[in-house]
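Feature annotations, courtesy of Swiss-Prot:
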- HIS29, HIS77, ASP163, HIS167: Mn(2+) binding site (BINDING)
Amino acid sequence: MSQQYTLPPLPYPYDALQPYISQQIMELHHKKHHQTYVNGLNAALEAQKKAAEANDVPKLVSVQQAIKFNGGGHINHSLFWKNLAPEKSGGGKIDQAPVLKAAIEQRWGSFDKFKDAFNTTLLGIQGSGWGWLVTDGPKGKLDITTTHDQDPVTGAAPVFGVDMWEHAYYLQYLNDKASYAKGIWNVINWAEAENRYIAGDKGGHPFMKL
């Protein structure tokens with residue numbers, strides 16, 4: 001049997017991010033969508049193990065896409081839940097990340113300019129994907145980037161990400177992605193983002209281990 005991954009518990013109740021993300025969305029997103037990625041990853045890894053034992057090279061090649069897609073979905077969502085927090089627990093409060101805030105202001109000129117740039121990137125995503133603030137290298141360089149479908153961030157440390165798949169917002173916002181992108185700033189966990197930024201600045205990504 002291959003290593004079995006499990007669905008991580010949410011660090012807050014399903015209704016804790018309202019009114020910005022509804023309880024219904026959170027329950028479906030976590031219990032159904034994320035669980036599906038976990039199940040798919042476990043199944044793909046088991047298929048990989050059996051193919052390796054059978055020396056079935058074509059099968060080994062074909063299963064890689066399922067590992068990438070479902071593994072990426074598991075990584076991305078595990079990071080996503082932790083980079084959100086209820087308002088009453090500090091969600092949306094950039095002052096909880098003084099080091100990161102200073103780096104953002106140095107990179108973009110102001111926090112508001114950074115938010116505008118990030119939202120523009122989010123709304124420019126075609127189809128399904130993620131928007132990320134990442135840090136790259138020991139000098140703490142910050143950049144905004146996107147990943148397609150469930151591809152995870154590689155070559156940099158994700159500081160925080162925003163899920164732009166329709167399942168993350170459609171039941172509440174319909175096709176109004178702009179309102180979803182605007183509202184999610186109220187529940188960004190800046191304390192967690194600060195920890196990730198500092199860890200990434202030191203060249204470590206301990207938060208990436210699942």
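Cβ coordinates come from backbone N, Cα and C, glycine included.
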For HIS77 (Mn(2+) binding site): DSSP state (helix, strand, coil): helix
Conformational class of ASP163 (Mn(2+) binding site) under the three-state DSSP mapping: strand
Cβ neighbour count within 10 Å of ASP163 (Mn(2+) binding site): 24
Cβ-Cβ distance under 8 Å to HIS77 (Mn(2+) binding site), same chain, at least six residues away: HIS29, HIS30, HIS33, HIS34, TYR37, ASP163
List of residues, in chain order, with Cβ under 8 A from that of HIS167 (Mn(2+) binding site) and at least 6 apart: ILE25, LEU28, HIS29, HIS33
Structural state of HIS29 (Mn(2+) binding site), classified by DSSP into three states: helix
Other CB atoms within 10 A, centred on HIS29 (Mn(2+) binding site): 24
